[in-house]
Amino acid sequence: MITIEQLLDILKKDHNFREVLDSDGYHYHYQGLSFERLSYDSRQVDGKTLFFAKGATFKADYLKEAITNGLQLYISEVDYELGIPVVLVTDIKKAMSLIAMAFYGNPQEKLKLLAFTGTKGKTTAAYFAYHMLKESYKPAMFSTMNTTLDGKTFFKSQLTTPESLDLFAMMAECVTNGMTHLIMEVSSQAYLVDRVYGLTFDVGVFLNISPDHIGPIEHPTFEDYFYHKRLLMENSRAVVINSGMDHFSFLADQVADQEHVFYGPLSDNQITTSQAFSFEAKGQLAGHYDIQLIGHFNQENAMAAGLACLRLGASLADIQKGIAKTRVPGRMEVLTMTNHAKVFVDYAHNGDSLEKLLSVVEEHQTGKLMLILGAPGNKGESRRADFGRVIHQHPNLTVILTADDPNFEDPEDISQEIASHIARPVEIISDREQAIQKAMSLCQEAKDAVIIAGKGADAYQIVKGQQVAYAGDLAIATHYL
């Protein structure tokens, strides 16, 4: 429960309070109301709900529906003049985060918080950290792929970083379940729209940066994207940073006065020997590590997670065991066809991650290589040119372009746009299952491989704003083995 007096105090301390308006006029103080629930969904309110009117597309009709259901007061940046009191604020998203934090009893203070950011690798690094910490603690995890609040039950996440009301409700449930640590993926969008406003992490990890999520409904420029990624560093007590990433020198200057540790080529924490399923490291994680996920970049993700978990209480033995146990749905999953050709299923969904995926496969498979690829509709339009650029740099690759969450766009138009950036013929088969079946039929020898990129473990396609059932890349590939 939270009282009107408590929430006004929170807003005033954050300099985010304008006034309370009701039929009697302007009020600096207000009293007599308390709330047992928080919501931003007008369909889920009653007389004991504190409602947040948020979003550029919010309509007064939503508020009228809530009032019909008994709503007594709402928080908003706008007075909709509907006859009930309104708490006016300058920034509704910041208000949501701080009020949710207090409403749920500040659960962030009862958990050790570990956050990963980066253009790619967040989910893999989070899984590594989860398995490391699980050896001696009770970690919860909020991940793009899966979320667990109790270490037993896993469910699919809707957002990389949940909305603040949901985030703190989930944190509170983690505390109730006896969890000791929370591992989170924190997207640039989470900072852009203040989902984690006011939250300080015990350790923040910056894995890498490359142009992505740049478009009309995401970040207008790379500078804006990079800036919002860096906010995790400002909001972490200690940081772990990849010294091999672009713009590392800037980040090193930024965190000079913070507790920090670097890994990668310009640091003391490096991978010295790398094999397909093992690596040796020097520095704070010195030793031998077995790993199920192939690729040097996955080994670096394991290093990043290990350095973070070391600070959070994990032992080197915990880290070694955790790395050896980690598998990630839809990340570098490998199948073998009856003719011994390989099928690789991976979530690679931007130019940089595609380049790394192709390089790893080419290192191990020297025959015919078939790539199945698409790009999502109505988001991340810059990826299409990036995909074309990467494919152009791999001339021995045979490419079939297909649907990958086309949303409100025509998947063939998206494929044609990708193809326009490739200086050789490619095939377009918009039906993703047919594309996979054809590619697999063309691989006949053990040295051949099919690479299915983009969707990973997703068992749906996003079409016209809706999730449409799709068997999933791994299930389809398994069917045609």
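Cβ atoms here come from the backbone N, Cα and C positions, even for glycine.
Note on Swiss-Prot: of 12-15, 404-407, 464-467, the range annotated with the feature motif 'L-lysine recognition motif' is 404-407. Taken residue by residue, the motif 'L-lysine recognition motif' (404-407) breaks down under DSSP into 0 helix, 1 strand, 3 coil.
The shortest Cα-Cα distance from K229 (N6-carboxylysine) to any of the binding-site residues (T119, G121, K122, T123, T124) is found for T119. The 10 Å shell around the Cβ of G121 (ATP binding site) contains 26 further Cβ atoms across the protein chains shown. Annotation for T123 (ATP binding site): same-chain Cβ neighbours under 8 Å, separated by at least 6 residues, are S143, T144, M145, E185, V328, R331, Y347.
Sequence-ordered, the extra residues of this chain that approach the ATP site, with Cβ no more than 8 Å from the Cβ center of G118, T119, K120, G121, K122, T123, T124, are F116, A125, E185, L207, N208, N301, S353. Its Cβ placed at the centre, G118 (ATP binding site) has 23 other Cβ atoms within 10 Å. Taken residue by residue with DSSP, T124 (ATP binding site) is part of a helix.
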